[in-house]
Amino acid sequence: MTSVLMIDNCDSFTYNLVDQFSPHGTIVIVKRNHPFYDGEIEAIMALTSICITPGPCYPAEAALNSCSIIGHLAGRIPILGICLGQQALGQARGGLVIFAHGKLSNIEHNGIFAPLFNPPRALPAGRYHSLVVEPARIEVTGQCNQLEVVPQEIMAIRHRDLPVEGVQFHPESILSSNGAAILANLIHRPCH
């Protein structure tokens with residue numbers, strides 16, 4: 001049985017994500033982004049993975065505890081960050097968070113979404129963010145290929161050595177094709 005800790009950054013999309021994980025027989029535990037106690041952090045290690053949800057504001061304001069969890073557990077358990085969650089992953093790994101604008105866009109990727117399905121190289125996806133990550137010690141695995149976006153905004157990142165990944169767009173959105181399969185990748189990804 002797989003289990004996901006959903007760190008809720010007080011976003012209306014959180015339970016859309018829960019619904020996306022549920023058909024896979026996954027137990028989803030939702031916990032608000034409040035300080036975690038030492039015993040809770042050890043209990044998280046028994047879970048299959050962590051998903052850090054979208055939310056408002058900058059990661060330093062809204063996702064501070066998510067950044068702490070990333071620092072404690074990166075490399076010990078697979079972590080997926082979505083929107084604000086990706087920004088928290090980027091910030092925790094030395095990236096900058098800068099302003100952007102949300103819309104429907106084609107996301108070009110390097111095959112990151114291919115293990116469970118064969119997506120088109122330009123994947124239509126719903127973007128609801130106003131901030132994006134600038135890379136530091138992370139690998140860029142997807143970018144927005146819209147002509148009006150210059151330079152291309154980062155839409156997917158991966159830590160170079162750890163099972164820590166993030167997407168800026170919302171895979172649970174009805175605008176995003178193959179979103180359920182993208183989320184399923186997290187469930188089936190081992191921690192190396």
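Heads up, the Cβ atoms here are built off N, Cα and C, so glycines get one too.
Feature annotation from Swiss-Prot assigns active site to C83 (among others). The Cβ of C83 (active site) has 27 neighbouring Cβ atoms from other residues within 10 Å, across all protein chains displayed. DSSP classifies C83 (active site) as coil under the three-state reduction.
Swiss-Prot lists H170 (among others) with the feature active site. For the recorded site, H170 (active site), the DSSP three-state label reads strand.
Per Swiss-Prot, the feature active site maps to E172 (among others). A C-beta separation below 8 Å, combined with a sequence spacing of at least six in one chain, links E172 (active site) to F13, N16, L17, D19, Q20, I82, G179, L183.
Annotated domain 'Glutamine amidotransferase type-1' per Swiss-Prot: 3-192, in sequence order.
Taking all protein chains in view, 23 other C-beta atoms sit within 10 angstroms of the C-beta of H170 (active site).
C83 (active site) and H170 (active site) have their C-alpha atoms 7 Å apart, to the nearest angstrom.
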